[in-house]
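Novice: Structure incoming, see below.
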Amino acid sequence: MARALVLLSVVLVSLLVNQGRASDNQRLFNNAVIRVQHLHQLAAKMINDFEDSLLPEERRQLSKIFPLSFCNSDYIEAPTGKDETQKSSMLKLLRISFRLIESWEYPSQTLSGTVSNSLTAGNPNQITEKLADLKMGINVLIKGSLDGQPNIDDNDSLPLPFEDFYLTMGENNLRESFRLLACFKKDMHKVETYLRVANCRRSLDSNCTL
């Protein structure tokens, strides 16, 4: 009888611990999604403010340029389209999100100076700090998904895309600034999508449609 009670206690403790971990993991996922949503909204606001400051002809010219241009993230292997994203594993989406955020650590230092924006006034390093916090959170989620297994991934050994990519391309400051803002918005949208699907992947019964 005593042994049965001890066994029951162990099982109950194990269940409580697992429930606690699941709750913490969900909280981390929710925080990560909220953080990248804010960055995506900030990116949209910054590029809108930038476009509003342009002359009509400048706006037309830049709108033709960007669809034909490349972003730094194009060198990072990632799902293309909704179907491939939905078929990707949670861990794969987390790893890609991590690399995308990491690739902006250096370029983000010039983002705040690209456009005068009330959202970044008083704290020019706000975007870089938010990216660092999000990167840390995603890294914790990756480690939690591995559950003690070594973090082995082919992309981990690859160098990040060129740090000065946005500074060396373009014919003038106007184009470089537009490219920087447009690519930042594009990549934050990617990460938001990947984290939403990854969060959905935690529940096998969920319909993770985009």
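Here the Cβ of each residue, glycine as well, is placed from N, Cα and C on the backbone.
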Novice: What is the disulfide partner of C208 among C183, C200, as given in Swiss-Prot?
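Specialist: Recorded disulfide partner of C208 in Swiss-Prot: C200.
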Novice: Using a 10 Å cut-off, grab the number of neighbouring Cβ atoms around the Cβ of C183 (disulfide bond), all chains included.
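Specialist: I count 24 other Cβ atoms within 10 Å of it.
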Novice: Check the Cα-Cα distances from C208 (disulfide bond) to the recorded positions H38, C71, C183 and tell me which is shortest.
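Specialist: That would be H38, nearest by Cα distance.
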Novice: Using C-alpha positions only, work out which of the recorded positions H38, E192, C200 is nearest to C71 (disulfide bond).
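Specialist: Smallest Cα separation from C71 (disulfide bond) among H38, E192, C200: E192.
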